[in-house]
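Some notes on the structure that comes next.
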Amino acid sequence: MPPYPLLHRIDSPFDLRKLDRRELPALAAELRAFLIESVSKTGGHLSSNLGTVELSIALHYIFDTPEDRIVWDVGHQTYGHKILTGRREAMSRLRQFGGISGFPRRSESSYDTFGTAHSSTSISAALGMAVAARNRGEQRRSIAVIGDGAMSAGMAFEALNNAGDMRDINLLVILNDNEMSISPPVGALTKILARMFSGRTYNAARRAGEKVLGVSPPMLDFARKVEEHVKGLITPGTLFEEFGFHYYGPIDGHDLDALIPTLQNLRKLNGPHFLHVITRKGQGYKLAEADPVLYHGVSTFDHTAGIQTAKGAAKLTYTQVFGDWLCDIAAQDEKVIGITPAMREGSGMVRFAQEFPNRYYDVGIAEQHALTFAAGLACEGFKPVVAIYSTFLQRAYDQLIHDIALQNLPVMFAIDRAGLVGADGATHHGAFDLSYLGCIPNLVVMAPADENECRQMLYTAYRHNGPAAVRYPRGGGMQVGPETAMSALPIGKGEIRRSGHRIALLVFGSLLFNALQAAEQLDATVANMRFVKPLDVTLIEELAASHDLLVTLEENIVIGGAGSEVARVLESLSDRPQLLRLGLPDTFIDHGDQSQLLESVGLDAPGIVAAIRRRFSPDNN
């Protein structure tokens, strides 16, 4: 007998629906155990997936997927969904080079109805699908599953506002709330109420009553207010009712005896409906229940012993460099304010939040607000530091231009996860920031080559009386220990790190080590350019005058990046050398180990050498 007898019978939701409902709790136990075993071998998101086991089973058991559309917000909680939809064996290659994604992908499965990874998009997408079904005369359902964190973002409420006026669509929004728990009395009561409010008898009575009371609008309004008042006394759903949704819950998201009948009832109803379920991150794995943050995103580990603290000195990361610098500068200047859009741990702000709680602001998943909030602080003489991932800064581009750069406000950006981030893949690579930042007036853009340079650039940005950004990669670099002393770098000035002949490598940021290795084989000059904006035009002109080939290197898409700006400088020269621009290709790059990804795009040292030799042969030039 296989170790997971029920789970091994399921290769699609069609197999799942053949099970007797009484078998579902046992299936949930098997699925949870399989997740723990599988993710401990591959790494990935664990706590959130353990919290959605029963919900994943119930949705595919009740709804006619993939005909009915399920859109998972963010999508890092979809491993159970993937396993139930034919990808159980593929989990052994989860988030690995050439393997399946850790997020929903339309190209991966017809059950992945919408690609997600950035938050708060599910309701908008599901609404679009629901409207499409209505316009085609189709009866299929659209379901958006959104977490309480993602629910806090403005885009989610924009979608609710739009959907609430549409009475002729089949849309169900499920709030997966894992920030609270249900006490037994409330849980028992709300389970009954969710069944009652979602049941056919109750809703038929509601419609009949509305028809009768419709002849007397004041009585109809009074009846609705009484209903809302009674529900509001025992449920937190008043807000969603105000948006035009019928609210049900909260119910226990781990209780299949509550989920199954409630979803069965909701499937029969038309219009916009909102189901509130309470789940627990790490459910069923005591170590993850005790510390869901530690087990949120994991590397490989022994699931019987749990995650162990690494022995010896850990590799220094750029994120740690930023976190230490922020605490150091905040101790010197009480006007420094730290801001993050829901990325305290990932951005290295845990220590700052503990030591300077009155100057720490986690604004939630609200990148647009984070930037304009920072702009307001800057207007009043404070020094806001926005710690944000490169991929999430994209969501606040208008605020960056209109609210900060246009007014030349001294807002500082610590941009983490620039370049290729690894296992999170295309949705999280910081592949575009040099392109979309380099065109903004007033903005200074820096890219450190090592950890110490990162610290000095952060200080340079802090000292600059205008908007400034420091972009650095995920993980560690050349392991150059940061100096305690801080000194501002001359803005717009690079440096020569190696002198050579005929070929000059102009490096912007994290590829310096690879460039130095390549230069040894090519006897090339290596320039650490440091600043993407403003460029060191003088240094470029000097290198152009003394070399036959200039090669730009950046961990950013080639189109519109630093290499494009170097090309613009060379255009003004009457006698200019050849130019080769190396960077990320014009495609979305999949997931995998960072070193594997760099090799795949030719930005490791051998790839750099090969690209240059294909373009330039000293004997023929």
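Just so you know, glycine gets a Cβ as well, placed from its N, Cα and C.
Features as listed in Swiss-Prot:
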- H76, A117, H118, S119, G149, A150, N178, Y285, E367: thiamine diphosphate binding site (BINDING)
- D148, N178: Mg(2+) binding site (BINDING)
Neighbour tally for H76 (thiamine diphosphate binding site), based on other Cβ positions within 10 Å of its Cβ: 23
CB contacts for D148 (Mg(2+) binding site) [other CB atoms within 10 A, all chains]: 15
Among H118, G149, N178, E367, the one of these binding-site residues whose Cβ has the fewest neighbouring Cβ atoms within 10 Å: G149
Binding-site residues near D148 (Mg(2+) binding site) (Cα-Cα within 10 Å), from H76, H118, E367: none
